[in-house]
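J.: This is the structure I have questions about; it appears just below.
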């Protein structure tokens, strides 16, 4: 049961995924155990695979009593990769537990991920539960079809036509 309507995703068996994706989901599941979430009790783990060198970086959600400075798992992993000089993300795995459905990156994480898309302009997204049985596979472009683009990185041409 997926909330909302979304095209271009599929739910597949964990065992059918390639070793790289299985490893990402395992690492996201492992780091999820370190989530600091005393207010929501909703632990999330993420693992990202860089395009260059296929390095893996993980992150978990970190809450704060004031909520605004909370950090999502994906936005905990991304800066680690950036600090090591990796600016292109190829694959993201997100693991959390919901009774029904899968936990997708929030809007802020989707936009942040968009900043670091792979060379093909997209990122593969895998959503799983800790049981690692069924996995939802999609792409960032399907989760964020009208992403805000950067004038610099996306070569947006300024429109001087005022009509």
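The backbone N, Cα and C atoms fix where each Cβ goes, glycine too.
Bear in mind that TrEMBL entries carry predicted annotations, made automatically and left uncurated.
Feature annotation from TrEMBL assigns active site, proton donor to 74. Annotation comment: TrEMBL describes 72, 106, 109 as Zn(2+) binding site. Per TrEMBL, the feature domain 'CMP/dCMP-type deaminase' maps to 19-143.
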J.: Where among the binding-site residues 72, 106, 109 do you find the Cβ with the fewest other Cβ atoms within 10 Å?
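T.: Each of the binding-site residues 72, 106, 109 was scored by Cβ atoms within 10 Å; lowest is 106.
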J.: If I take the alpha carbons of residue 106 (Zn(2+) binding site) and the residue listed as 'active site, proton donor', what is the distance between them in whole Å?
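T.: Just about 9 Å between their Cα atoms.
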J.: Along the domain 'CMP/dCMP-type deaminase' (19-143), what average pLDDT does this model show?
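T.: For the domain 'CMP/dCMP-type deaminase' (19-143), the model's average pLDDT rounds to 96.
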J.: How big is the Cα-to-Cα gap, in Å, between residue 109 (Zn(2+) binding site) and residue 74 (active site, proton donor)?
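T.: Here the two Cα atoms lie 6 Å apart.
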J.: Beyond 72, 106, 109, what residues of that chain have CB atoms within 8 A of the centre of the Zn(2+) site's CB atoms?
T.: 73, 74, 75, 105, 107, 108, 110, 112
J.: Mind giving me a neighbour count for residue 74 (active site, proton donor)? Other Cβ atoms within 10 Å of its Cβ, every protein chain shown.
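T.: Taking every protein chain into account, the count is 27.
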